[in-house]
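*Asks:* Dumping what Swiss-Prot says about this protein:
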ACT_SITE  TYR25  active site, proton acceptor
ACT_SITE  HIS105  active site, proton donor
BINDING   ASN79, HIS85, ASP92, ILE106, SER107, ARG116  substrate binding site
SITE      ARG20  site 'Transition state stabilizer'
Amino acid sequence: MPIKKILLLNGPNLNLLGTREPHIYGYDTLASIESSLSTYLSSLTPSVELLTFQSNWEGALIDRIHEARTDGTDAIVINPAAFTHYSVALRDALTGVDIPFVEVHISNVHKREEFRHKSFLSDKAEAVICGLGVFGYRAAVEWCVGYLKERPKL
C-alpha cells in the first residue's frame, strides 16, 4: 500500500507556542505538538506520513503549498494564524493546488477580537476546527486519515 502524506503547515508566531500567551495557546511547544501528532498518526495507521513546515513568512508558506502539488501530499492541515484574516494569496495557493485542507486554530477565534472572526480560508476548507486547543490538530489529522481512506488518490 502506498504511503499517503499529510502536510502540517503552521503560520506566523506559532514557533513561539509554549511561551507566547500561554493563557490563550497553552504550554505545548510546536516541536512537542509535531512529535505528538507523528506518534499519534503512527498509532492510527502505518500508511500515512506527517510532513511539517512552519514559517512566519507568507511567501514561504505559499511556496510550500505549491511544492505539495508535486511531492505527493494528499491532504493539508493548516493553522494559518494571523494570515487567516487577510491572506488572499494563501487562499489562492490552497485552492490552486487542489489538495483537500483542514483549517485549525488553537483558540476559539470567534470569542476573541472582532478582526479574528473573518477567515479567508474557511469557505474553501473541507473542515474548520477552532477552540479545541492543541487537540484540534489531532482531530484534523484523524479527519484526514479517514478522508484518505474513503477517497484514495487517483
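Cβ atoms are placed via backbone N, Cα and C, with glycine included.
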*Asks:* Using a Cβ cut-off under 8 Å and a sequence separation of 6 or more, which residues in the same chain sit near ASN79 (substrate binding site)?
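*Replies:* Spatial neighbours, sequence-distant, of ASN79 (substrate binding site): LEU9, ASN10, GLY11, LEU14, GLU103, VAL104, HIS105, ILE106, TYR137.
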*Asks:* Where does HIS105 (active site, proton donor) sit in DSSP terms: helix, strand, or coil?
*Replies:* strand
*Asks:* Distance check, please: Cα of ASP92 (substrate binding site) against Cα of the residue listed as 'active site, proton acceptor', rounded to an integer number of angstrom.
*Replies:* 27
*Asks:* Could you tell me which three-state DSSP class ARG20 (site 'Transition state stabilizer') falls into?
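*Replies:* Coil, per DSSP.
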